[in-house]
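J.: Before I ask anything, here is the structure I am working with.
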Amino acid sequence: PAPQTSIELFLIVDHSMYAKYNSNSSKITTTLKARVNIMNAIYSSLNLVITLSGIEMWSAADLITVQSSSRNTLKLFASWRETDLLKRTSNDNAQLLTATNFNGNTVGLAYLKTMCNSKYSVGLIQDHSAIPLLMAVTMAHELGHNLGMNHDGAGCSCATCIMAPVLSSGPAKSFSDCSKHDYQSFLTIHKPQCLLN
């Protein structure tokens with residue numbers, strides 16, 4: 001079995017999402033906590049615990065330029081985390097949640113094998129569904145990329161697996177054997193220190 005690991009996850013709510021929830025910060029907080037609870041259920045099979053280390057809402061204005069290019073937005077967010085967020089608070093990974101509609105059918109984006117990196121341990125999430133499970137799966141999927149998981153391909157096809165290339169609406173949500181193998185390899189080769197404290 002995988003060693004016990006923990007991730008301190010920090011969530012940023014951009015201005016578009018803040019407005020989408022009618023500037024109701026307590027409702028947003030409740031919503032995000034529920035999603036993280038589901039993420040923990042998903043990740044329990046990997047013996048990994050996710051702690052919500054903080055939530056910051058960009059209630060007045062965005063602190064980066066959130067744009068329809070998910071790639072550009074993720075790049076800006078990565079730089080902002082390193083130069084701003086980490087100067088104020090410690091976390092292992094940060095996700096930016098937005099109501100912005102990205103180009104194409106993208107609902108999330110993250111760097112691969114970057115967990116614990118001060119700049120690139122980030123993910124970008126479009127608030128695309130009112131269904132908590134689907135949002136938790138999207139967040140878990142992008143976090144999976146940070147943890148070294150590739151999309152499920154031939155040989156590990158699994159329609160309702162977390163790392164399927166396309167989000168399925170099916171209820172069964174688990175990691176494929178390929179994802180588990182990718183994660184184990186990441187732990188062994190990269191030895192991400194922040195997960196082991």
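Placement of Cβ uses the backbone N, Cα and C atoms for every residue, glycine included.
Feature table excerpt (Swiss-Prot):
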{"type": "DOMAIN", "residues": "5-197", "note": "domain 'Peptidase M12B'"}
{"type": "CARBOHYD", "residues": "N24", "note": "N-linked glycosylation site"}
{"type": "DISULFID", "residues": "C116-C194", "note": "disulfide bond"}
{"type": "BINDING", "residues": "H141, H145, H151", "note": "Zn(2+) binding site"}
{"type": "ACT_SITE", "residues": "E142", "note": "active site"}
{"type": "DISULFID", "residues": "C156-C178", "note": "disulfide bond"}
{"type": "DISULFID", "residues": "C158-C161", "note": "disulfide bond"}
J.: Which site among C116, C156, C161, C178, C194 has the most other CB atoms no more than 10 Å from its CB, taking these as disulfide-bonded residues?
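T.: Ranked by Cβ atoms within 10 Å, first place goes to C161.
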J.: Taking every protein chain in this structure into account, which of the recorded positions N24, H141, H145, H151, C158 has the most other Cβ atoms within 10 Å of its Cβ?
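T.: Result of the Cβ crowding comparison: H141.
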J.: Residues with Cβ closer than 8 Å to the Cβ of E142 (active site), same chain and 6+ apart in sequence?
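T.: Non-local contacts for E142 (active site): Q95, G108, L109, A110, G123, L124, I125.
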J.: According to DSSP, does C161 (disulfide bond) fall in a helix, a strand, or coil?
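T.: Its secondary structure by DSSP: strand.
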J.: Which whole number is the mean pLDDT over the domain 'Peptidase M12B' (5-197)?
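T.: Summarising the domain 'Peptidase M12B' (5-197) by its mean pLDDT gives 95.
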J.: Sort the binding-site residues H141, H145, H151 by C-alpha distance from C194 (disulfide bond) and give me just the closest.
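T.: If we rank H141, H145, H151 by Cα distance to C194 (disulfide bond), first place goes to H145.
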J.: Once H141, H145, H151 are set aside, which residues in the chain still have Cβ within 8 Å of the Cβ centroid of the Zn(2+) site?
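T.: Going along the sequence, the neighbours come out as G108, A110, E142, G144, M149, N150, I162, M163, P165.
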J.: Between C158 (disulfide bond) and H151 (Zn(2+) binding site), what C-alpha distance do you get in Å?
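T.: C158 (disulfide bond) and H151 (Zn(2+) binding site) have their Cα atoms 11 Å apart.
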